[in-house]
Amino acid sequence: MEMFTFFLLTCIFLPLVRGHSLFTCEPITVPRCMKMAYNMTFFPNLMGHYDQSIAAVEMEHFLPLANLECSPNIETFLCKAFVPTCTEQIHVVPPCRKLCEKVYSDCKKLIDTFGIRWPEELECDRLQYCDETVPVTFDPHTEFLGPQKKTEQVQRDIGFWCPRHLKTSGGQGYKFLGIDQCAPPCPNMYFKSDELEFAKSFIGTVSIFCLCATLFTFLTFLIDVRRFRYPERPIIYYSVCYSIVSLMYFIGFLLGDSTACNKADEKLELGDTVVLGSQNKACTVLFMLLYFFTMAGTVWWVILTITWFLAAGRKWSCEAIEQKAVWFHAVAWGTPGFLTVMLLAMNKVEGDNISGVCFVGLYDLDASRYFVLLPLCLCVFVGLSLLLAGIISLNHVRQVIQHDGRNQEKLKKFMIRIGVFSGLYLVPLVTLLGCYVYEQVNRITWEITWVSDHCRQYHIPCPYQAKAKARPELALFMIKYLMTLIVGISAVFWVGSKKTCTEWAGFFKRNRKRDPISESRRVLQESCEFFLKHNSKVKHKKKHYKPSSHKLKVISKSMGTSTGATANHGTSAVAITSHDYLGQETLTEIQTSPETSMREVKADGASTPRLREQDCGEPASPAASISRLSGEQVDRKGQAGSVSESARSEGRISPKSDITDTGLAQSNNLQVPSSSEPSSLKGSTSLLVHPVSGVRKEQGGGCHSDT
């Protein structure tokens, strides 16, 4: 039971001991009060004066009353009020209420005449009734113990007392250096105005740079969404988070101290103070967005390492990882949201008078330790462990395929990309953690030094512990803000490649309008250049001609406007095998119709309907080609007679071998891709070009759009 009572008393009085230290009396040194019946006093007094020198200065306002002796008890009352009685048994003895009422009634006229402001702490209604007939005991050993008590006065630490201009109204939950209803000063308590201006400009510049980099990553994703699948997709969400973080710091740079600081109130004698708590709506919104997306960006990086580990270590496919996307989003957005709500409920919002934003843990070490430092350390540990496990798995795969030079080189490049990207993220983040740890260790020393430097200016007690003064360096805070922002730039490295440049070039090319007439001229010019180039090669290799391997290329240029899914002015080239030889300078113009966009032209002048079009970009499989050709061969044998008659009606002679040549042509598996829909082929021009026999056959390339 005694132990429980001791523990309860310790919990009750521990905050008082923290604020004012242990109780200690000290001898009176004020000359006017040295004639009193007591010679020991204790500070601070009822008015909050922390030593006798300040109390003596404040007593000078009441000297007219003492000099004119408006009341016989005026000096007794003033000494008991400003230099209170202190005994080892009763501790502090304030003046009695009856004494206060008698002195105030006797001196009221002089108080009004001289305009003396009566302190609120000395209002008689606040004092208690006491028995003044009890004499104050005088200890004869007091003079002998005087020097010892004076030594205790020098070493006594009564803790931090909040200056008057930093006090806040009740109910807002402000707390500074362990004192309730007290707020930090604004501008920053550690740095000068010129240093703060330089730091704000630096933070604003870095935030703009990081914002541009992260937006570039996100816009690259929007250009080609299918390019970034899992396990790489978290990089995009990671970039979005840090783009919001950069935007918040840029907004703080524009707002200055208007959001992070409270304006001074001259009527209440309050100075500029830092915003603490969630009463300021603008500061609360900045805090919610900044803290939420800072934590979310870190969690998305951890999820990125998880997806890499599943792909490299567990051999999961992209589709299998993508099925877990809902859980990834739940963790990435749910965890920061939960922490943000907890901080709002605990009223831990704090204004940052360096960057202009609002965050957590700037003045509260516990909040910084549990809501910033601990989550970041946990994310770094988990992410680094999974990253190392994935790299070890990839290295094992590289050793297995060491005889496959091409795949081994690709895997090596991929591992290098992962290593560089992880380094660009981990190095700034670990540096940021180092800044937070260093601040945790030295924050108390910085605060004691600040109190020691400004205690006389603010008329508050000066701490005696400040023997080795230490002040924070501006470079430390600038590194902390730099590492906070530069973490998001690492995503640019992952998307920075030749393919990204090609995608951006194609994006601007598709969005640039072209003149239809100029485009038609350009198409015709390219066709002529192509014909002349390949015709010269045919002349050069005329002697080496083989009828069974000769090929023709047909280039179709559409000058109309297509309403279909394919692009206008499309270009398609097909290789057609023939067994006869055409003239080297023969140029045949083929008029297309809505039914057929192209015809396969044979060397003897006969034309046959083209084969089925092949899908864009997808090469035909062997099984599909054989089944398709077997069906088409029957149709072509039945239509051989009609084809010959059609050729004769157009003024061309069809040899008897047309039917057999048709079968031979089908065996070559020729496919003619169409450049546009049939409705857009009116007025199109087809050019028949003689290429050399060694020209390479193009497959599946007819859907490429020039626009």
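The backbone N, Cα and C atoms fix where each Cβ goes, and this holds for glycine too.
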Check your understanding: Swiss-Prot pairs Cys100 with one of Cys70, Cys124, Cys130, Cys162 in a disulfide bond, so which one is it?
Key -> Cys124
Review point. Does the record from Swiss-Prot show Val225 and Arg369 on the same side of the membrane?
Key: no
Practice item. Determine, on the basis of Swiss-Prot, the cysteine among Cys70, Cys79, Cys162 paired with Cys107 in a disulphide. Key: Cys70
Practice item. Choose one of Cys11, Cys79, Cys86, Cys96: the cysteine that Swiss-Prot connects to Cys25 by a disulfide bond. Key: Cys86
Check your understanding: Which of Cys79, Cys96 is the other half of the disulfide bond that Swiss-Prot records for Cys33?
Key -> Cys79
Study note, to complete from the structure: Checking Swiss-Prot: of Cys96, Cys182, the cysteine bonded to Cys130 via disulfide is Cys96
Review point. Cα-Cα separation of Cys124 (disulfide bond) and Asn39 (N-linked glycosylation site), in Å?
Key: 25
Exercise for review: Given the cut-off of 8 Å on Cβ pairs that are 6 or more apart in sequence, determine whether the transmembrane segment (475-495) and the transmembrane segment (372-392) share at least 3 such pairs.
Suggested key: no
Exercise for review: Based on DSSP, name the secondary structure state of Cys33 (disulfide bond): helix, strand or coil.
Suggested key: helix
Revision key, fill the gap. Three-class DSSP assignment, Cys86 (disulfide bond), comes back as strand
Check your understanding: Near Cys86 (disulfide bond), which of the recorded positions Cys33, Asn39, Cys96, Cys100, Cys107, Cys130 can be found within 10 Å, Cα to Cα?
Key -> Asn39
Exercise for review: For the transmembrane segment (203-223), could you work out the same-chain residues 6 or more beyond its ends whose Cβ comes under 8 Å from its Cβ atoms?
Suggested key: 235-236, 239-240, 242-243, 245-247, 249-250, 252-254, 354-355, 478, 481-482, 485-486, 488-489, 491-492, 494-495, 500, 503-504, 507
Practice item. Write down the Cα-Cα distance for Cys25 (disulfide bond) and Asn39 (N-linked glycosylation site), rounded and given in Å. Key: 10
Point to revise | Interface check, the transmembrane segment (372-392) with the transmembrane segment (235-255), three or more C-beta pairs under 8 A | key: no
